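The annotation transmembrane segment is assigned in TrEMBL to 7-24, 36-60, 81-107, 127-147, 159-178, 198-219, 231-254, 274-300, 329-348, 354-374, 386-408, 414-433.
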Amino acid sequence: GRPTIRVHMNVFLHCNIIGSGIFISPKGVLEHAGSVGLSLIVWVCGGGICALGSMCYAELGVTIPKSGGDYSYVTEIFGGLVGFLLLWSAVLIMYPTTLAVIALTFSNYVLQPVFQNCVAPYLATRLLSSICILFLTWVNCSSVRWATRIQDVFTVAKLLALGLIIVVGLVQICRGHYDALRPSQAFEFTRDPSVGQIALAFLQASFAFSGWNFLNYVTEEVVEPRKNLPRAIYISIPLVTLVYTLTNIAYFSSMTPEELLASNAVAVTFGEKLLGVFSWVMPISVALSTFGGINGYLFTSSRLCFSGAREGHLPYLLAMIHLKNCTPIPALLVCCGATIVILCIGETHNLINYVSFINFLSYGVTIAGLLYYRWKRPNLLRPIKVSVLVPISYLVFWAVLLGFSLYSEPVVCGMGIVIMLTGVPVYFVGVHWKNKPRCVYRVVGE
């Protein structure tokens with residue numbers, strides 16, 4: 001109910017941001033940043049960028065009080081085509097790719113203790129990831145209650161894992177084990193830093209921070225949004241940034257940069273070095289965390305498909321729900337199928353660059369919409385109105401980040417743009433063209 005959301009709003013936001021990404025991204029951030037010191041700066045600045053974006057989304061959330069987040073705002077401001085492209089990219093790229101990355105992380109952490117001295121076989125990781133996706137799809141198809149219970153239980157696992165890492169890391173630092181964190185060593189670069197590589201480091205970090213815009217999915221239910229939305233942002237995002245930075249500092253208290261880059265399961269390597277006979281706690285905690293993350297993204301992505309179909313932007317078949325279980329089974333099956341396809345064709349860190357680029361593209365379009373909406377409807381009531389410098393600062397960073405990311409990874413980022421643009425003919429044929437032959441309506445289930 002409304003009071004529950006008012007009381008637990010900060011918890012809602014930081015629990016949605018803190019996900020399995022923090023167990024995945026540190027390796028990619030360090031690899032692209034080239035030094036320990038710069039990677040920590042990227043983590044802190046990444047939280048600052050999220051704060052800017054969150055403030056813009058807070059204004060949009062109370063100005064356009066519709067469910068659906070980015071999709072609803074962009075559709076309202078720019079019209080059906082741009083909204084459809086955002087939905088298209090989310091259904092085909094963002095959610096399936098995120099699910100694939102988390103599922104691969106789950107399998108890597110489960111298999112790491114078995115293959116301690118070598119990389120887990122490609123087939124084994126893909127098979128275990130696919131089994132996990134299929135099982136959780138079945139759970140979500142069978143019962144909403146089961147899916148939400150899984151989410152509640154497995155959220156505890158990720159918080160325990162992070163708490164354990166931070167506490168053990170701080171104990172190590174108090175004992176004087178912080179050579180990699182000394183300024184003289186922290187800024188020793190393995191290669192000359194470039195703007196393009198730093199941009200890719202930010203993309204890797206942004207994967208861990210993804211979820212900061214989830215608050216906008218409950219804006220309609222928030223009591224006193226003008227007061228509580230900014231409060232949630234100001235408390236939760238600095239807290240999450242602190243947790244992520246401390247987690248990375250803890251990693252470097254026991255691992256050299258070379259050891260971290262060589263590990264496919266950073267938290268497991270950390271546990272093996274510091275927890276002794278209790279090292280088994282770490283892979284189990286992270287595996288439980290990622291398992292819950294997969295469940296949460298399946299739940300959310302299927303609802304986005306359902307909403308898009310209900311608005312007429314996707315085949316009506318995807319808006320159907322099971323009469324007894326009240327679950328969107330067709331939408332869940334589409335999400336499951338798309339995830340397994342991406343799972344079989346991508347490598348974890350390339351997939352993160354891929355999905356983070358499209359995520360940032362969507363965020364930038366939405367925040368540009370805020371500025372356009374102010375110009376288009378200047379007299380509209382805005383209970384929250386941020387300084388114009390906030391969206392402009394975000395968009396400047398956004399343009400630099402995307403430009404240099406595209407320059408550094410033209411194939412990975414370019415493919416994301418191409419897939420997004422394939423939605424243009426689909427929109428005109430599937431949505432804009434109203435007088436289609438009957439056979440077309442039968443195919444899409446309308």
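Glycine residues also receive a Cβ, built from the backbone N, Cα and C atoms like all the rest.
Proximity of the transmembrane segment (159-178) to the transmembrane segment (329-348) is not established, fewer than 3 Cβ-Cβ distances being under 8 Å for residue pairs spaced 6 or more apart. When the stretches 81-107, 274-300, 329-348, 414-433 are ranked by Cβ pairs under 8 Å to the transmembrane segment (354-374), first place goes to 81-107. Ranked by number of Cβ pairs under 8 Å to the transmembrane segment (127-147), the listed stretches 36-60, 81-107, 329-348, 386-408, 414-433 are led by 329-348. Tallying C-beta pairs under 8 angstroms between the transmembrane segment (274-300) and each of 36-60, 81-107, 231-254, 386-408, 414-433 places 81-107 first. Residues 49, 52-53, 55-56, 58-59, 194-200, 202-203, 353, 357, 360-361, 363-364, 367-368, 370-371, 374, 414 of the same chain sit 6 or more residues outside the transmembrane segment (386-408) yet have a Cβ under 8 Å from a Cβ within it. Panel annotation: around the transmembrane segment (231-254), residues 9-10, 12-14, 17-18, 22, 26, 29, 36, 39-40, 43-44, 46-48, 50-51, 54-55, 58, 162, 165-166, 168-170, 172-173, 177-178, 180-181, 208-209, 212, 215, 260, 266, 270, 273-274 of the same chain, lying at least six beyond its termini, place a Cβ under 8 Å from a Cβ of the stretch.
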